[in-house]
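Taken verbatim from TrEMBL:
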{"type": "DOMAIN", "residues": "42-297", "note": "domain 'G-protein coupled receptors family 1 profile'"}
{"type": "TRANSMEM", "residues": "28-52", "note": "transmembrane segment"}
{"type": "TRANSMEM", "residues": "58-83", "note": "transmembrane segment"}
{"type": "TRANSMEM", "residues": "95-121", "note": "transmembrane segment"}
{"type": "TRANSMEM", "residues": "141-159", "note": "transmembrane segment"}
{"type": "TRANSMEM", "residues": "205-227", "note": "transmembrane segment"}
{"type": "TRANSMEM", "residues": "239-260", "note": "transmembrane segment"}
{"type": "TRANSMEM", "residues": "280-299", "note": "transmembrane segment"}
């Protein structure tokens with residue numbers, strides 16, 4: 001890049017979004033808006049029932065409430081910007097607003113990775129060591145576990161974003177994305193980003209690889225324990241307590257692996273199509289996954305379903 005055009009920091013960035021596909025913008029505006037409303041409603045109800053229903057005052061549902069809050073914060077950090085980009089082609093975002101949006105998205109994503117690992121540990125203790133569960137997963141243990149997840153995600157985000165925002169940027173600062181995605185921003189830097197790349201690799205190991213490995217080992221032990229249960233009813237009951245979390249883990253990490261693991265096209269025409277595909281997959285990861293989480297838990301967890309019914313009946317009774 002032309003280093004004579006470098007600015008540190010730049011005045012702002014231009015977000016391309018789907019400006020090259022105007023016909024898709026109106027359709028996706030309505031679709032994403034509806035999904036966002038479902039996210040706010042579904043996760044908001046989950047937080048409400050985990051607070052109001054005394055039967056859900058347990059570690060698993062405390063983590064679930066945190067997961068719902070994370071999904072609301074994560075989508076709120078990016079979806080309003082995405083919706084605005086559909087209405088304003090080549091939308092401009094200020095440098096400070098871009099930094100804040102990147103910080104929030106990165107922090108919430110990293111925190112969710114750690115939190116899903118904590119939830120796997122909770123299910124491991126509940127199924128593999130049920131007699132010790134009240135001691136191991138006491139309030140003095142699970143509250144710091146959740147707080148530690150938030151602290152780790154926020155700390156990681158501070159490190160990554162502060163490194164990225166100190167770089168000089170070149171040219172017209174056009175980001176080929178809906179939001180200030182950190183990899184897209186780093187491409188605009190007119191300086192050596194090897195430190196940033198190494199830092200991102202370390203971050204991915206700590207917040208993606210290690211939690212995935214931990215979850216995998218936990219569920220191998222869980223499945224082995226369930227298979228040793230003599231009765232079919234007992235196996236079904238044990239598996240039902242962790243099926244919702246396992247489904248959320250598969251959706252969450254499966255989307256990430258699909259986003260970053262598929263091969264890149266070398267054909268220019270194919271590259272354009274892949275560019276659109278990458279944006280839409282990123283949109284799926286950022287919106288559809290948080291929307292599915294409350295649906296999965298409300299459908300696959302009988303305690304949550306019962307709590308929601310009680311909340312509705314209580315509301316009608318009061319009226």
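Numbers run from 1 along the shown chain.
Cβ coordinates are placed from backbone N, Cα and C, and glycine is handled just like the others.
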Is it the case that the transmembrane segment (280-299) and the transmembrane segment (95-121) touch, counting contact as three or more CB pairs under 8 Å in which the residues of each pair are 6 or more positions apart?
no
Under 8 Å for C-beta pairs, could you tell me which stretch among 28-52, 58-83, 95-121, 141-159 has the largest tally with the transmembrane segment (205-227)?
95-121
Using a cut-off of under 8 Å between C-beta atoms, tell me which stretch among 28-52, 58-83, 141-159 contacts the transmembrane segment (95-121) the most.
141-159
Averaged across the domain 'G-protein coupled receptors family 1 profile' (42-297), what pLDDT does the model get? Just tell me the whole number, please.
86
